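What follows is a short report on a single structure.
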Amino acid sequence: MGSSRFPKRYLIVFLTFICTSVCYIERVGFSIAYTAAADAAEVNQSSKGVILSTFYYGYACSQVPGGWAAQKIGGRRVLLLSFLLWSLTCFFVPLDPNQTIILVIARLLVGVAQGFIFPSIHTVLAQWVPPHERSRSVSFTTSGMYLGASMGMLMLPSLVKYWGPQSVFFAEAALGAMWTLLWFSYAVDPPRSEHPKATASGFGESLLPLKGSSKLKFESGVHSTRTPTIPWKRIVTSLPVWAIVVNNFTFHYALYVLMNWLPTYFELGLQISLQEMGSSKMMPYLNMFIFSNIGGVIADHFVTRKILSITKTRKLLNTVGFIVASVALMALPYFRTPDGTLFCSSVALGFLALGRAGFAVNHMDIAPRYAGIIMGVSNTAGTLAGIVGVDLTGRLLEAAKNAQLDLTSPESWTSVFSIPGLLCIFSSFVFLVLSTGERIFD
């Protein structure tokens, strides 16, 4: 695996791809399993929104601590512990809509554990992946989220139908345990000797946690024992960082609303069950998988061939992705057939994934040393979007019912999808004006 034909960093990237796939199988799986159990128990839409959004409270709390932990003790170790925690939680927790307190605690724990994962992944990739491979590496890794979501949409409804909602939890725990074993067996920190130009290129040795005798660093002919401190003030006041934060919020608002409420839209809005839709229900997330990798390849091609600068490349892909997604989102409730809905949601999610080659890789452009930290900050905003969007959607639907609107009518769902659509337009403008591809943090 460490040969020149298959460098070790490719294995690391592949394992992080599997990591994100399993994480999103879990998230989609809970939505599918809980929706089935809650509908059977006649839980109202507002209460469903509260339970579905609980995960994101825990997820938000651990984003910045996750970046800090990955910076201090290494992303590899943090990933291992995080996966172990959420897998065990899934295995031991009963799925009973009437045991609200137990479900809330369980989802908070899973959220906290998974909140450490993505900052740790960005720290690991910043250590292993050279700058000219970052777009496609990050895009490939994050595309695992969408492949996982599509596989979850394809397979888990049948699991619920034949074995019951609880079986989804057991399947997710088994997948988490298997990935943990793979990561424990094959993942390592990058050997320092392989990166003699690490400081200049912005990856590898200079990004590893400093400990013991390795804290002695040779700088301009002088040994220094000082460990670099995290420039929190500069991070918080940086406009390019805020451009990433705003776009992360919007991306996840749209993604989490569709991920958590699309099953309800099919069931109540179109009155068709997920089991009846066959393999077509996985298309929106499969489209994300495809477009995420297309965006990464295009971005690296533009940068390495010097067709566009890094800054212009990020802005182009981010703008195209978010603008097209906004149109598809706002059109979605007016397509009254399953095929039309799948088309709109596939276009929306696909182009949002294309936009990730803009804002999502930008962490490593502007601050490779602090990629995990900035990812934690921006992903906190993305998590807040999950809290706000998922819960707000439940309240909007409950308000529509109270106003005597039928949930099969487009009017009941217009605000649900127009809010993320308008956010996409706003966010693309912010990124266009404030972002940069230049390295601004040493």
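Placed from the backbone N, Cα and C atoms, the Cβ positions cover glycine too.
What TrEMBL lists as domain 'Major facilitator superfamily (MFS) profile' is 12-439.
Per TrEMBL, transmembrane segment is recorded for 50-70 (among others).
Feature annotation from TrEMBL assigns transmembrane segment to 77-95 (among others).
What TrEMBL lists as transmembrane segment is 101-125 (among others).
What TrEMBL lists as transmembrane segment is 137-156 (among others). Outside the transmembrane segment (137-156), and at least 6 residues removed from its termini, the chain residues within Cβ reach (under 8 Å) are 13, 16-25, 27-29, 32-33, 121-122, 125, 129, 168, 171, 259, 274, 279, 281-290, 292-293, 295-297, 299, 349, 353, 356-357, 360-361, 364.
The transmembrane segment annotation in TrEMBL covers 168-188 (among others). Sequence-distant contacts of the transmembrane segment (168-188) (same chain, at least 6 residues past either end, Cβ-Cβ under 8 Å): 1, 8, 11-12, 15, 18-19, 22, 25-26, 29-30, 32-33, 76, 79-80, 83-84, 86-88, 90-91, 93, 95, 124, 156, 159-160.
Listed as Cβ neighbours of the transmembrane segment (241-262) (distance under 8 Å, sequence separation of 6 or more from its ends, same chain) are residues 27-28, 31, 52-53, 56, 149, 235, 284, 318, 322, 325, 329, 345, 348-349, 352, 355-356, 358-360, 362-363, 366, 374, 377-379, 381-386, 388-390, 393, 416-417, 419-421, 423-424, 426-428, 430-431, 433-435. Taken from TrEMBL, the feature transmembrane segment covers 241-262 (among others).
Sequence-remote contacts of a segment are chain residues at least 6 beyond its ends whose Cβ falls under 8 Å from one of its Cβ atoms, and for the transmembrane segment (282-304) they are 24, 28, 132-140, 142-154, 258, 262, 310, 313-314, 316-317, 321, 342, 345-358, 361. Taken from TrEMBL, the feature transmembrane segment applies to 282-304 (among others).
Annotation source TrEMBL lists transmembrane segment at 316-334 (among others). Nonlocal intrachain contacts for the transmembrane segment (316-334), taken as residues 6+ away from its ends with a CB within less than 8 angstroms of a stretch CB, comprise 247, 250, 254, 269, 295, 298-299, 302, 308, 341, 344-345, 347-349, 351-359, 410, 413-414, 416-418, 420-422, 424-425, 427-428, 431-432, 435.
Within its own chain, the transmembrane segment (340-359) is flanked in space by residues 135, 138-139, 142-143, 146, 243-244, 247-248, 251, 254-255, 258, 262, 265-266, 270, 280-281, 283-285, 287-292, 294-296, 298-299, 313-322, 324-325, 328-329, 331-332, 424, 428, 431, 435, which lie at least six positions past its ends and keep a Cβ under 8 Å from the stretch. Per TrEMBL, the feature transmembrane segment maps to 340-359 (among others).
Per TrEMBL, the feature transmembrane segment maps to 371-392 (among others). With a cut-off of 8 Å between Cβ atoms, the residues of this chain six or more beyond the transmembrane segment (371-392) that come close are 49-50, 52-53, 55-57, 59-60, 63-68, 70-71, 75, 115, 118-120, 122-123, 125-126, 230, 235-236, 241, 244-246, 248-254, 256-257, 260-261, 363-364, 419-420.
The transmembrane segment annotation in TrEMBL covers 412-434 (among others).
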